[in-house]
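Peer 1: Below: one structure in structure tokens.
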Amino acid sequence: MTRLILAIDQGTTSTRALLFRPDTRIAALAQAEFPQHFPASGWVEHEPEDLWRSTLDTCRAALRQAGAGAREVAAIGITNQRETTLIWDRRTGEAVHRAIVWQDRRTAGLCARLKEQGHEPLVSERTGLLLDPYFAGTKIAWILDQVPGARARADAGELAFGTVDSYLLWRLTGGRVHVTDATNASRTLLFDIHRGAWDDDLLRLFDIPRSLLPEVRDSSGDFGTTDPDLFGAPIPIRGVAGDQQAATVGQACFRPGMVKSTYGTGCFALLNTGPQPVASRNKLLTTIAYQLGGERTYALEGSIFVAGAAVQWLRDGLGVVASAAETGDLAERADPAQEVYLVPAFVGLGAPYWEPDVRGALYGLTRGTRPAELARAALESVCYQTADLLAAMRADWPDGDGSGTVLRVDGGMVASDWTMQRLADLLAAPVDRPEVKETTALGAAYLAGLACGLYPEPERFADHWRLERRFTPAMDGPVRERKLAGWRKAVGCLLGRPVPLP
């Protein structure tokens, strides 16, 4: 009997379920989209039932597609949008409020007050994060303070908090399991990443009762079994990780110094720093990459707010292209003499600048600027921002050699050969595109398969990582330096200050 791994990839706009074979190839894939809700400016919410129904429906659809039953599934692995926050009734399972999504900015005022009171150094030292509405801690506090009766019920032990993984585990197990993994816990502002435990000082700071919190476990291990009524037989749940950490695992970035970058609407790059957390001096985040056998592996993380969204803007905002797939071909026809730069700060700039209030700009426009130059500027903006992240990572990590680290890439944008070649050119480093594009789901599947014995130890799994294509630098050094200097000049104009070379 074929043994399969069912990977649940719960994202911001859709949920996907994939069945992986023992050789890590995909046997089935199902996807269901669901709406986001925007009740006020800067607010983003999900209906918890949408998260649950889309998960259940896609899992069942993937099983039907593969002609497989629950007994052919060795284990389930879950990966999820991080930081999105839910609180529900322990007895009924009913959420007390819609899920507050990671993009939501409603707690900006609370974060600003806590910064003014001098609390950010404590938060950063314990958690590796910044005091920002992005993370779960202030979202929890908002729900407790704004939903009538929620704080009293939480103090009485009647409520449970979880990121999306915890909520799905609760629902899948029929309310028998209230747990999370270390990668998701590390995104809450409440978890000491050095001790691997919830932090009492931070709980007091945000006024959150410990009884609300899930138990924290390894990323690969026992997370309970599904209610037998859901799929016809119980299925063990054996792996959990936040989406960017799961992609790091799926890319087999197990050695210190290995870097992966995921390109979707935005971009997230993680550098494995091994068993020791590295405090950033360049506004990167320090986070847990994964936890296996009680041992934590850490990473430096940088986030770019706009990657694929720049191409969506070309298509939907300007009408420059009819489809995203056209952008690379159009960029290839751009005039090399036209040095046009797009700084895509549509919602501010992320790492390593963290300037939420600046807005985007185009530099270098002339009467000769055409759609081709705009397309090139949009795609190059992603490459320039990645170069900024990797420069910050090399500066932060003392064990890095500062030379051309290979970058492993995944996400929708990596299908563009032109963009990947330009990325390699501007990084002066090889860019590796894997054969298996669904690296986030593969990471969740691997963590589950490792726990149930279907997949080998990390070192052997890494040997089976399959390269589809390597892009190697082909741009002359002086050209690269001129283009990077032009980018930093454009960013400096936007910020109103010089941006130094790394």
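Just so you know, glycine gets a Cβ as well, placed from its N, Cα and C.
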Peer 1: Which of these, Tyr134, Tyr263, Tyr290, does Swiss-Prot list as part of the glycerol site with Arg82, Glu83, Asp243, Gln244?
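Peer 2: That glycerol site, as Swiss-Prot gives it, pairs Arg82, Glu83, Asp243, Gln244 with Tyr134.
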Peer 1: Just to be sure I read the record right: Arg82, Glu83, Tyr134, Asp243 are listed as binding sn-glycerol 3-phosphate in Swiss-Prot. Which of Thr12, Thr327, Thr366, Thr369 is listed for the same site?
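Peer 2: The candidate from Thr12, Thr327, Thr366, Thr369 that Swiss-Prot ties to sn-glycerol 3-phosphate along with Arg82, Glu83, Tyr134, Asp243 is Thr12.
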Peer 1: Determine, for the sn-glycerol 3-phosphate site, the additional residues of the same chain whose CB lies within 8 Å of the mean position of the CB atoms of Thr12, Arg82, Glu83, Tyr134, Asp243; present them in sequence order.
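Peer 2: Neighbours within 8 Å of the Cβ centroid, excluding Thr12, Arg82, Glu83, Tyr134, Asp243: Asn80, Gln81, Thr84, Val101, Trp102, Arg187, Gly242.
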Peer 1: For Gln312 (ATP binding site), find which of the binding-site residues Glu83, Tyr134, Gln244, Thr265 come within 10 Å, Cα to Cα.
Peer 2: Thr265
Peer 1: Can you give me the same-chain residues 6 or more apart in sequence from Gln244 (glycerol binding site) with a CB-CB distance under 8 Å?
Peer 2: Arg82, Thr262, Phe268, Leu270, Glu301, Thr440
Peer 1: Given the binding-site residues Glu83, Tyr134, Asp243, Thr265, find the one whose Cα is closest in space to the Cα of Thr13 (ATP binding site).
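Peer 2: Sorting the binding-site residues by distance from Thr13 (ATP binding site), the top entry is Thr265.
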Peer 1: Taking the Cα atoms as reference points, how far is Glu83 (sn-glycerol 3-phosphate binding site) from Thr265 (ADP binding site) in Å?
Peer 2: 17
Peer 1: In whole Å, note down how far the CA of Asp243 (sn-glycerol 3-phosphate binding site) lies from the CA of Ser14 (ATP binding site).
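Peer 2: About 13 Å separates the two Cα atoms.
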